[in-house]
Ligand SMILES: *[C@@H]1O[C@H](CO)[C@@H](O)[C@H](O)[C@H]1NC(C)=O
């Protein structure tokens, strides 16, 4: 018992087994196999390593954005001059990464709580029965009192009076001067995995440059100050349209960095996209065009609460930071190499298929490759089946080929004297 165990142990430790391989001298199989291996090699080097950069690990950034608008608008309505500054036209005012710049508005001043007629059009009535008291209409401005007013032929409502009339959107937009406003973007990103922090005010951007530069895709691609007209144009829209009814534009700050090179090459790239609607589409074709919201300023006058209502049409800007940093890392490198080596196995499988199932001499090669056992008869050399004898013939042939480097035609009767089977 002990000796059996020690034999097994010594077998385990002092022996090494390695698979025996069959060398096939066949041009077709050889070429197919090498071509597949070449393809796999090209895939690993060209695609995995060079194109997909499989030797690097990646990380996305945590980022923060701060914005600031500059510019002044001017309106003159029936002799009433007014200037609109940043505090008047930016919503919300904190400098968020998502904000609205007002370009057009409908103002309703001096509203107070009371009873007044609804707008003409959607809310017409012919008798008191059309204006059920205490109920609301979905598109109405207030609670109906149950009275159909004769003068206007509309229902009377309890609401902020007078009700807003937003049927006609001012055209041209009230604040066309918005085309010359500028937007300043401050953005910082940190790649936590690599411990790298960057800001869009990169190395050669200093105060002197910022004070006079204006973003241009070719001349000043790193200037963080953007003219609104340029942003709208680069997103593919017309400023006149978007300023009249409003719209949404995404400013994408793209940080795609290769940290294997100097970090100063890690710079932002700005692109501009219309966020809904298609610049080419005609406005009439769409159901809900533009972007607007209502905003009210409340005040007390003669101890009575009043408000000024603004329906604001504007351009909504969303600043979207996109980031991907890459840096050499040993683990993805080894993973890529390992999977590449694994794919080499495909070549073996395909060539085996060709060899064993497609070639005219496939039966012969099959016999060479596999060693058959006979389950009924003792496999001694006298009772070997026909396949096994072919096998030996081939083995003999192969040995002869190895030994002499001559005849490699497996069909030739080449029983050299060296082989045991032929001796028999
Ligand atoms: C915008 O600025 C340009 C150049 O300063 C000026 O010619 C143009 O009239 C301005 N546009 C508006 C709408 O104010």
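Every residue, even glycine, has its Cβ placed from backbone N, Cα and C.
Quantities reported herein were computed from a predicted structural model and do not represent experimental measurements.
Summarising the annotation, TrEMBL assigns ATP binding site to 68, 69, 70, 182, 292, 293, 294, 311. Annotation note: residue 70 (ATP binding site) sits in a strand segment as assigned by DSSP.
Residues or ranges marked as disulfide bond by TrEMBL: 116-161 (among others). Residues near residue 161 (disulfide bond) in space but far in sequence (CB under 8 A, at least 6 apart, same chain), listed by position: 111, 112, 113, 114, 115, 116.
Residues or ranges marked as disulfide bond by TrEMBL: 125-148 (among others). There are 21 other CB atoms within 10 A of the CB of residue 148 (disulfide bond), with all protein chains counted. According to DSSP, residue 148 (disulfide bond) sits within a strand segment.
Annotation note: residue 155 (disulfide bond) sits in a strand segment as assigned by DSSP. All protein chains considered, the CB of residue 155 (disulfide bond) has 25 other CB atoms within 10 Å. According to TrEMBL, the disulfide bond annotation covers 131-155 (among others).
What TrEMBL records for 213-223 (among others) is disulfide bond. For residue 223 (disulfide bond), the count of additional Cβ atoms within 10 Å of its Cβ stands at 18 [all protein chains shown].
DSSP assigns residue 257 (disulfide bond) to a strand segment in the three-state reduction. As annotated by TrEMBL, disulfide bond applies to 257-266 (among others).
Sequence-distant neighbours of residue 180 (N-linked glycosylation site) (same chain, 6+ residues apart, CB-CB distance under 8 A): 71, 227, 228, 229. The feature N-linked glycosylation site is assigned by TrEMBL to 180.
As annotated by TrEMBL, region 'Disordered' applies to 402-424.
With a threshold of 8 Å between CB atoms, the same-chain residues lying at least 6 positions outside the transmembrane segment (29-50) that come near it are 336-337, 339-340, 343-344, 346-348, 350-351, 354-355, 359. Summarising the annotation, TrEMBL assigns transmembrane segment to 29-50 (among others).
For 336-359 (among others), the entry in TrEMBL reads transmembrane segment. Counting only same-chain residues 6+ beyond the ends of the transmembrane segment (336-359), those with a CB under 8 A from a CB of the stretch are 24, 26, 28-29, 32-33, 36-37, 40, 43-44, 48-49, 54-55, 365-366, 369.
The two recorded residues residue 266 (disulfide bond) and residue 68 (ATP binding site) have their Cα atoms spaced 24 Å from each other. Residue 311 (ATP binding site) sits 27 Å from residue 148 (disulfide bond), taking the C-alpha atoms as the reference points. Inclusion criterion for the disulfide-bonded residues 131, 155, 213: a C-alpha placed within 10 angstroms of the C-alpha of residue 125 (disulfide bond); this criterion is met by 131, 155.
Checked against ligand 1, the recorded positions 70, 148, 180 give 180 in sequence order as having a Cβ less than 6 Å away from one of its atoms. Each residue contributes its Cα atom, and for residue 293 (ATP binding site) and residue 155 (disulfide bond) these two points are 25 Å apart.
Cα spacing between residue 294 (ATP binding site) and residue 148 (disulfide bond): 27 Å, rounded to the nearest whole number.
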